[in-house]
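Peer 1: My structure is below; once you've seen it, I'll send some questions.
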Amino acid sequence: MSKPVLSTGLRWLWLVLVVIAIDFVSKQWIMNNLMLHESMPVMPFFNFFYAHNYGAAFSFLADKGGWQRWFFAGIAVAIVVVLLVMMYRSKASDRLNNIAYALIVGGALGNLFDRAYHGFVVDFIDFTIGDWHFATFNIADCGICIGAALIVLEGFINPTSKRSEHKG
């Protein structure tokens, strides 16, 4: 009993491709225009800074000898599969959740490509204010974080409708 793909959340797969494309093009531009660890000021508080991240967010487990590359790749594959199944099971009209899932899938695949091809993730978005410095990140990370925030927002907007759907 298959259903038409366009009636499911998979209708939002175009957004996955947009995130992957912007992430890929931006990382290619950074790798072609900056040397590793080179900084390019954009604004007083915002720089492009070319970095290799061998770990996860905030360089978690970056110095653990290489096994983390495949560990985080496996986590990314699992998350992508779960979210694609969730998108298939949801209605295309469930916009907020499907947009959130698509952003996360696009971000996960963008970073997965880096891990598989380079052995590290290319990070380059760098914010500093005075002595405060935020961890360097990339467009894929933005997709993941915005998607996660949208899932939380959906929980606040429709907390009871989701619970009743799962009960009945």
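Any Cβ shown, glycine's included, is placed from N, Cα and C.
Copying in the features that Swiss-Prot gives for the protein in this structure:
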- Asp123: active site (ACT_SITE)
- Asp141: active site (ACT_SITE)
- 5-25: transmembrane segment (TRANSMEM)
- 42-62: transmembrane segment (TRANSMEM)
- 70-90: transmembrane segment (TRANSMEM)
- 102-122: transmembrane segment (TRANSMEM)
- 137-157: transmembrane segment (TRANSMEM)
Peer 1: Output the single range from 70-90, 102-122, 137-157 maximising the number of Cβ pairs under 8 Å to the transmembrane segment (5-25).
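Peer 2: It is 102-122 that shares the most Cβ pairs under 8 Å with the transmembrane segment (5-25).
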Peer 1: Enter the number of other CB atoms within 10 angstroms of the CB of Asp123 (active site).
Peer 2: 22
Peer 1: Can you tell me the three-state DSSP label for Asp141 (active site)?
Peer 2: helix
Peer 1: Measuring Cα to Cα, tell me the gap between Asp141 (active site) and Asp123 (active site) in whole angstrom.
Peer 2: 9
